[in-house]
Amino acid sequence: MQGIWTTEHLRAAEARLLAATPEGALMQRAAFGVAVQAADLLAEHTGHVVGRRVALLVGAGNNGGDALWAGSFLRRRGVAVTAVLLNPERTHAAGLAALRRSGGRVITPARASQLLESVDLVIDGIIGLSARGALRGDAAALVGHIGAPVLAVDLPSGVDPDTGAVTGPAITATRTVTFGARKPVHVLNPERCGEVVLIDIGLAPELGEPDLRRLDGVDIAAAWPVPGPHDNKYTQGVTGVAAGSATYPGAAVLATGAAVLATSGMVRYAGPAADVVRARWPEVIATGSVTDAGRVQAWVVGPGIGTGQEGRGVLRQVLEAGVPVCADADATTLMARFPEVLDAREPGTPLVLTPHAGEFARLTGHELGHDRVAAVREAARKYDAVVLLKGNTTLVAAPDGRVLVNVAQGSWLATAGSGDVLSGLIGALLAGGVDPWLAAGAAAGVHSLAADLAARGVPVSASGVLAAIPDALRHLRHPGFPRP
Ligand SMILES: NC(=O)C1=CN([C@@H]2O[C@H](COP(=O)(O)OP(=O)(O)OC[C@H]3O[C@@H](n4cnc5c(N)ncnc54)[C@H](O)[C@@H]3O)[C@@H](O)[C@H]2O)[C@@H](O)CC1
Ligand SMILES: Nc1ncnc2c1ncn2[C@@H]1O[C@H](COP(=O)(O)OP(=O)(O)O)[C@@H](O)[C@H]1O
Ligand SMILES: [K+]
């Protein structure tokens, strides 16, 4: 599990570390890491380090100090370094002195546009942890002149460190080198950060509980239910799926199929698409209604059930069943329109809601703002449910405030029906007794991995994502297993 800390918590941790470290030592450690990454990018993009030209964009604080020290280290490797001082009176003095001693040049912003268009690499030391809002003044004006790859120091300047929001001019980095701990921006706006490289500066012992968490492959594999020698089809939990309609049976086929492929055990389907589901998935016990479905250990409800009277009835029945529920698609819209339907839920019964941004706005009554983390936490509290907010970065909040983040490698999941596959995965994990927060996070991880494996660089349908679930699970459980 990877931890991610907000600036508030990082500041406190850094203050404790600084107090116990000789002055300047941390910055030099950080800056050395920046220089190593800069040399690596130069070699990657131009084939050489010696004789290459690097521009430093230097702001008013320690972020600029890091860039200046990194510039002085690059000088030792024969790189031509020019620093653009954006705020000359507040430039980091020791860093500037080091750059000057090493033979680096210094220019004003007025003369920088041509430089930025011609160098081999730009190091962004404009702002770091203290950033507030988009870039202003000279920094804002210069961004448009950058023609080379950018190495961001700590984070791409102009992007909010805690929310990843971009509200005006901001840097887009090829790579970001960060120190001590990952910050929210690195997972909330991966597009702006590029590849993120973490440099150890000895901060780990000072960091408390992380604010956000990211599951790695090992966590997902460990959470995923696996049958033991004494298990049978019932002991692993039976998944119920109440989805689809006679007109739209596809959602039922996709959600049911995902539950079939996710875990061993058994899947029941209840709804008007029973014939179609049976024809596609002969191993599913399909009936026409929730009442006839028999016992299950968790329900998936929503995909394709419609937002009318009938769908409302199905949702109510499922919530009354007293087992964990994953409510997706139309079920979330119904909850937003008819909140009283939630009275049917037995208090304490786990509920997972999986809205996309539009459904989220319906559930909460307002548009999703810049702070997606705060919004999803608030919704989880309001509904006393695990809320999974979909997107390229998927967030999963528990009612107690814990948040998991899943960053999709690609965007191929932006295709019709892929959400139905996700709900089936979550339902199967809930039926298997997995903690709902972990279930939603692990399912999101497998879902996006399945999309990558299925797509391999070209578009993939939701059926293709579904078919790649076994590959994704094999990949996680047996990382060395030969790929098909
Ligand atoms: N504290 C530590 O332990 C370490 C900090 N390090 C570096 O220090 C950085 C933090 O440094 P600082 O706290 O000095 O502050 P920053 O360098 O992040 O910001 C400098 C100043 O920029 C101004 N500013 C804020 N938003 C702006 C905007 N939108 N446009 C223009 N100017 C803006 C503010 O006046 C702020 O004080 C980290 O990101 C990291 O790069 C590293 O040297 C490693 C060690
Ligand atoms: N740009 C994107 N990059 C990565 N994943 C995405 C992107 N857009 C959507 N997704 C994912 O695709 C799925 C879409 O679900 P949803 O919007 O419910 O679609 P549908 O209703 O068609 O099934 C979600 O898991 C979401 O996180
Ligand atoms: K920066």
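Including glycine, each Cβ sits where the backbone N, Cα and C put it.
Keep in mind it's a predicted model, so treat the numbers as computed, not measured.
In TrEMBL this protein carries:
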- 10-209: domain 'YjeF N-terminal' (DOMAIN)
- 62-66, 128-134, ASP154, ALA251, GLY304, HIS356, ASP420: (6S)-NADPHX binding site (BINDING)
- ASN63, ASP124, SER157: K(+) binding site (BINDING)
- 216-476: domain 'YjeF C-terminal' (DOMAIN)
- LYS390, GLY391, ASN392, THR393, THR394, GLY419: AMP binding site (BINDING)
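Taking the features listed in TrEMBL, we show where each one sits on the structure.
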residue: ASN63; record: K(+) binding site; contacts (Cβ under 8 Å, 6+ apart): GLY125, ILE126, ILE127, GLY128, LEU129, SER130, VAL153, ASP154, SER157
residue: GLY65; record: (6S)-NADPHX binding site; contacts (Cβ under 8 Å, 6+ apart): MET27, ALA31, HIS92, ALA94, GLY95, GLY125
residue: HIS356; record: (6S)-NADPHX binding site; contacts (Cβ under 8 Å, 6+ apart): LEU389, LYS390, GLY391, GLY419
residue: ASN392; record: AMP binding site; contacts (Cβ under 8 Å, 6+ apart): PRO190, GLU191, VAL407, ALA408, SER411
residue: THR393; record: AMP binding site; contacts (Cβ under 8 Å, 6+ apart): GLY164, VAL187, LEU188, ASN189, PRO190, ARG372, VAL405, ASN406, VAL407, ALA408
residue: THR394; record: AMP binding site; contacts (Cβ under 8 Å, 6+ apart): LEU388, VAL405, ASN406, ALA408, ALA444, SER448
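Long-range Cβ proximity for ASP124 (K(+) binding site), meaning a same-chain Cβ under 8 A and a gap of 6 or more residues, is found for LEU57, ALA67, VAL150, LEU151, ALA152, VAL153, PRO156, SER157, ILE171, ALA173. Residues distinguished by a CB atom under 6 angstroms from ligand 1 are absent from the binding-site residues ASP124, HIS356, GLY391, ASN392. Apart from LYS390, GLY391, ASN392, THR393, THR394, GLY419, the AMP site neighbourhood in this chain, defined by C-beta within 8 angstroms of the site C-beta centre, holds HIS356, LEU389, LEU395, ASN406, ALA408, LEU413, ALA444. Screening the binding-site residues ASN63, ASP124, ASP154, ASN392 for a C-beta under 6 A from any atom of ligand 3 leaves ASN63, ASP124, ASP154. If you draw a 10 Å sphere around the CB of SER157 (K(+) binding site), it holds 28 other CB atoms from the protein chains shown.
For ligand 2, the neighbouring binding-site residues among ARG132, SER157, THR393, THR394 are THR394, by Cβ distance under 6 Å.
Confidence over the domain 'YjeF N-terminal' (10-209), given as mean pLDDT on the 0 to 100 scale, stands at 97.
The binding-site residues considered are ARG132, LYS390; of these, ARG132 has the fewest other C-beta atoms within 10 angstroms of its C-beta. Using the Cβ center of ASN63, ASP124, SER157 for K(+), the list of other same-chain residues with Cβ within 8 Å runs, in sequence order, LEU57, GLY59, GLY64, ALA67, GLY125, ILE126, ILE127, GLY128, ALA131, ALA152, VAL153, ASP154, LEU155, PRO156, ILE171.
Here the binding-site residues are GLY391, GLY419, and the one whose Cβ sees the fewest other Cβ atoms within 10 Å is GLY391. Counting only residues at least six positions away in the same chain, the Cβ atoms of MET27, HIS92, GLY128 sit under 8 Å from the Cβ of ASN62 ((6S)-NADPHX binding site). Neighbour counts were taken at the CB atom with a 10 A radius for the binding-site residues LEU129, ASP154; the maximum falls on ASP154. Under DSSP, ASN62 ((6S)-NADPHX binding site) is assigned to a helix (H, G or I) in the three-state scheme.
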